[in-house]
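In TrEMBL this protein carries:
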- 46-218: domain 'Sodium/calcium exchanger membrane region' (DOMAIN)
- 372-535: domain 'Sodium/calcium exchanger membrane region' (DOMAIN)
- 43-65: transmembrane segment (TRANSMEM)
- 169-188: transmembrane segment (TRANSMEM)
- 200-219: transmembrane segment (TRANSMEM)
- 370-390: transmembrane segment (TRANSMEM)
- 397-419: transmembrane segment (TRANSMEM)
- 439-460: transmembrane segment (TRANSMEM)
- 481-503: transmembrane segment (TRANSMEM)
- 515-537: transmembrane segment (TRANSMEM)
Amino acid sequence: MVAVPKQVAGNSMLGNSSIWGDVKCNSYLLFHGETALGNGLRAFLYFLGLAYCFIGLSAITARFFRSMENIVKHSRTVVEVDPHTNTEIIKQEKVWNYATADITLLAFGTSFPQISLATIDAIRNIGNLYAGGLGPGTLLGSAAFDLFPIHAVCVVVPKAGELKKISDIGVWLVELFWSFWAYAWLYIILEVWTPKVVTIWEALLTVLMYGLLLIHAYAQDKRWPYISLPLTRGERPEDWVPAEVASVSCEDDVYGGYTEILAVEEDKNEEIVDILSFHSEKREHSIYQKVPAAEDSVESSNRPFQKEINLEDLPVLQLWKKQFVDALTLESPESRKLNNAHLRVARILWQSLLAPWRLLFAFVPPYQIAHGWIAFICSLLFISGIAYIVTELTDIISCVTGINAYVIAFTALAAGTSWPDLVASKIAAERQLTADSAIANITCSNSVNIYVGIGIPWLINTAYNFITYGEPLRIENAEGLGFSLMVFFSTSVGCISVLVVRRLILGAELGGPRFWAWVTSVFFMLLWLIFVVLSSLRVSGVI
């Protein structure tokens, strides 16, 4: 006879105490002595730690995005023979095409915090007949955050009057279809096909649909007959992002055949994502910057000079060393030029707060190595580590405060783990000449959240339960998730309709007259608030 595990309905996820009550939560993060503190103080400290983890996710996103850019710009040499002259034609061809890069590297990478959190939650709940609550709640809340607040940011990023539209509308429609189908499929699983139960076959089909998305998008990008939509493709720049200048300042302190670098082509504090001004708009489209050498200058030889340096040719150890130097530098040359002493002090204090993250992420190898793949993988590993800490903190916060875990997942976790999505789309909207990647990251991330972020954790749990107990996986509060899905569908129709109207009237999805850009942004934020409020009230049993 097979022993059936105790059917835990996820009460551990809902919290067993109240921040205002006398019941103590016995869970702790680092030391058992934490339980001696009051619930209010503990909740404050844990929320503070959660916010600090989200800052860490923001910091590692900068390195992740840089490594991804290096991967996408990689090209290979292709030799073709002219059939008329029989001469060889050598040309450079991009290894990654736009559609594949957007769906895999960009969408999967920026969704990795949610995927890691859901997978960790599934592994911790393995053996239980009921799935954990953090994964589905966070991923559904993340979908709403991706669709509404990120669109709200991207629509106002372009300069006043500047329009950025989707160049390949066919690929976007394919991505949009699979994004909406992902949540329709989730609703079918939870409410229609096998209500409140997930079988191993449903979980397996969910994961396989990600492969179908890749194939369909690639077919549309290549315009395969009978599969792709007969829509023309607009012009898109050859490079995934415009090239940036390598502004290199060198001190007259030479070692190992190279002068010491004071600034590279990326921002001084590249580890930290500044959502307001991550990239300078004044950079030229060149990888070099020429300035007179010291011997040609009339200034003193003791003054710093600048010279032309190709950063790709510098030794790896020197580039890596600079990452640690930057991590320990609390005041950049730009901040020294500030006339406001209070602002300088504030920036130094902020850099001191970020210093532990910057020093930790300095161990990520420079993205110039192996076309950025090593830095890309290491960035994902660091994201997984932070996601694990976030999962532990959320459990304790739910225990201490008594707040429903789904409510925390819909709000704090969804917003915090979606920060890389926000940063990536915002950077793409700034630097790319079209809106393809900025909007594709939103729609594709939502697809990845379901097909991979929910599919893989459910596959792990259902496979274990099927093999060990012969039982499916039960979903607690499936009705609440189903209600949230319906709210999401309703509000998302409003969001997509506004984008279509902007395309028809203004000619582009992003940018345009400043007034209408801000009106659109505010409308998207209102849609997000409607989703969060209604979903939180439903899972809490208020409505």
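Note that the numbers count up from 1, one per residue, in the order the chain is shown.
Cβ from N, Cα, C; glycine included.
Curation plays no part in TrEMBL annotations; they are all automatic predictions.
Counting Cβ pairs under 8 Å to the transmembrane segment (200-219), the stretch among 397-419, 439-460, 481-503 with the most such contacts is 439-460.
Only sequence-distant pairs (6 or more apart) were considered; of these, fewer than three Cβ pairs between the transmembrane segment (515-537) and the transmembrane segment (169-188) are under 8 A, so the stretches are not in contact. Scored on C-beta pairs under 8 angstroms, the neighbour of the transmembrane segment (169-188) with the top count among 43-65, 370-390, 397-419, 439-460 is 439-460. Listed as Cβ neighbours of the transmembrane segment (370-390) (distance under 8 Å, sequence separation of 6 or more from its ends, same chain) are residues 49-50, 53-54, 56-57, 60, 63-64, 66-71, 74, 105, 109, 112-113, 116-117, 120, 360-361, 363-364, 413, 416-417, 420.
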